[in-house]
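Pulled from TrEMBL:
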type: DOMAIN; residues: 11-217; note: domain 'L-asparaginase N-terminal'
type: ACT_SITE; residues: T19; note: active site, O-isoaspartyl threonine intermediate
type: BINDING; residues: S85, T116, D117; note: substrate binding site
type: ACT_SITE; residues: T116; note: active site
type: REPEAT; residues: 432-464; note: repeat 'ANK'
Amino acid sequence: MARSGEHVRRLLAIYTGGTIGMRNREGVLVPESNLLTTLRKLPMFNDEEYSREHQLQDDTLALPLTNQNQRIIYTILEYDPLFDSSDMTINEWIRIAQDIERNYEQYFGFVVIHGTDTMAFASSMLSFILGNLQKTVILTGAQVPIHTLWNDGQENLLGSLLMAGQYVIPEVCLFFQNQLYRGNRVTKVDSRRFSAFCSPNLSPLATVGVDIIVNHKIMLKASMNKQLMVHSNMERNVGVLRLYPGISAALVRAFLQPPMKGVVMETFGTGNGPTNSDLLSALKEATERGMVIVNCTQCLQGSVTSDYAAGMAISDIGIISGSDMTSEAALAKLSYVLGREDLTLKDKKELLTKNLRGEMTPQPERVQLSLRNSKFAQLITNFLYLNCSQDLDAVRDSLTPTLACAAARMGDVEALEAIIELGGDLSESDFDGRTPLHMAARGGHVDAVQCLLSHGANVNSLDGDRSSPLLMAVKGRHKDVIFLLRDAGAQLSPPELQDAGTELCRLAASGDRDGLIAWQRAGADLFQTGYDGQTPLQVAEDAGNQEVVNFLKSPWDGGQV
Ligand SMILES: NC(=O)C[C@H](N)C(=O)O
């Protein structure tokens with residue numbers, strides 16, 4: 001019997017291995033069984049009197065009473081064999097999920113004791129394997145074994161038990177160094193320090209100090225009345241490919257061969273990669289075969305965007321943006337989504353762009369900015385319709401360029417038409433000097449470009465960087481848009497034409513025939529020289545890019561699009 005007023009919470013602690021329980025054997029650390037014996041000797045992990053009085057089972061210990069009068073009792077389920085986490089695979093993570101499922105009703109929450117080396121993969125995988133989670137699952141471990149004098153294991157394990165015993169956080173979390181993180185947002189960043197993990201794109205779910213500060217706002221909401229669902233059909237044929245400058249197309253091609261079904265491609269900066277045509281063909285062949293490729297940045301922090309031509313080249317061949325996901329989360333998501341046999345390839349690709357378990361930050365602007373659909377935009381629209389004083393005309397005039405640019409960027413023709421109905425001027429530029437036509441051309445949105453042109457958009461306006469809409473289309477290699485703009489009288493500006501030589505030489509050097517064709521269709525002179533006086537043809541010959549050499553010798557024959 002519990003003392004009066006005492007709340008008893010039962011937890012299951014699944015011990016899979018890792019440094020936390022390791023011992024030094026012949027000079028190296030190896031996993032060691034019987035973690036419970038070590039914990040039994042540590043008073044903060046074992047209220048001996050309570051255990052005796054309540055005759056707890058041999059595999060179960062009780063923490064001393066918390067300040068809130070809570071009694072946390074935990075049972076240890078120890079794996080045999082135990083693992084250094086470098087040996088963990090999807091199979092072991094599914095086993096953990098199944099153990100949670102088997103014990104789901106008996107326990108208030110779950111702690112998974114795991115090695116740190118692959119813990120970010122484990123917590124990411126488990127977040128997808130465990131569907132409809134309504135209870136707390138916390139992964140933890142240590143950099144130094146728990147039985148040593150100076151260690152981080154005691155604090156990490158105790159903190160995890162206290163968090164899981166006191167709060168319902170219906171997510172797979174990772175607790176380390178007083179921070180509770182969302183499991184699919186973390187990555188291991190230090191091999192020696194106690195603060196081994198960070199969550200670069202999402203603040204911690206909770207921080208433990210004198211007080212426990214829980215960030216309720218960002219927590220996932222439990223899907224009530226739905227039963228826990230273990231997705232054990234995870235696709236194993238997924239991998240991670242890290243790009244580096246000069247990576248060969250042959251290597252990429254070899255990596256993308258069957259049985260591989262999905263790949264997380266780690267790219268530079270905001271999602272960029274080499275634009276040489278060989279490499280792009282290797283990627284395109286793979287996506288056309290049905291391979292699913294997700295683009296994640298190698299940067300620790302930030303997101304994949306569509307700011308650069310080098311990034312647009314990648315998105316044009318069917319590669320999915322991983323937004324601000326970690327590679328670990330993207331790999332886990334791929335494994336989960338590709339394992340969903342109920343979905344078509346198209347549905348799987350669609351699902352990958354969605355935020356499923358809090359693993360990515362939804363892009364509000366991209367998600368819903370349609371004047372007809374978004375609540376915010378609707379409010380503005382109604383406001384503008386209903387009020388027609390001079391002041392409101394001014395408000396309308398200052399808002400519409402920004403809204404029109406956002407709509408054009410997404411190719412949202414419906415929204416553009418709504419803005420026209422409002423009387424907005426589609427040639428007006430936003431605060432960066434870009435017009436909707438720049439944005440539509442940059443995104444390769446043929447319908448939006450057509451709509452803007454038919455409503456009198458200025459085809460040769462220059463943005464704040466003195467770039468024309470035509471240059472935007474060239475950088476994105478959007479040949480249809482280039483044709484449309486040229487038909488409407490678009491021309492590259494004199495400075496753009498002047499600077500083209502160096503860019504053309506760069507494309508010739510990297511064998512980028514498509515890039516050269518885009519410039520040619522936009523009216524650039526393919527024979528002009530770069531900064532060092534060489535022509536693109538000379539550069540291509542020096543680089544041995546025969547395909548480009550042939551094209552440059554007779555551009556109007558070889559440039560079929
Ligand atoms: N700190 C650790 O737990 C590292 C260990 N190699 C593991 O991942 O199992």
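Placed from the backbone N, Cα and C atoms, the Cβ positions cover glycine too.
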Key: Same-chain residues at least 6 beyond the ends of the repeat 'ANK' (432-464) whose Cβ lies under 8 Å from its Cβ atoms   = 306, 312, 316, 401, 404-413, 416-417, 420, 426, 470, 472-473, 475-476, 478, 480-481, 484-485, 488-491, 493
Key: Residues of the repeat 'ANK' (432-464) by DSSP state, where helix covers H, G and I   = 17 helix, 0 strand, 16 coil
Ask   = Once the chains shown are all counted, how many other Cβ atoms turn up within 10 Å of the Cβ of S85 (substrate binding site)?
value = 20
Ask   = In the structure shown, which of the recorded positions T19, T116 has the fewest Cβ neighbours within 10 Å?
value = T19
Key: Confidence summary (mean pLDDT) of the repeat 'ANK' (432-464)   = 91
Note = Expressed in Å to no decimal places, the gap between the Cα atoms of the residue listed as 'active site, O-isoaspartyl threonine intermediate' and T116 (substrate binding site) is 8
8 Å Cβ shell about S85, T116, D117 centroid, substrate site members excluded = G18, T19, D84, S86, H114, G115, T118, M119, G141, K188
Query = Among all the protein chains here, how many other CB atoms are within 10 A of the CB of D117 (substrate binding site)?
reply = 19
Ask   = What span in Å does the substrate site cover, taken as the longest CA to CA distance among S85, T116, D117?
value = 7
Helix, strand or coil at D117 (substrate binding site) [DSSP, three-state] = coil
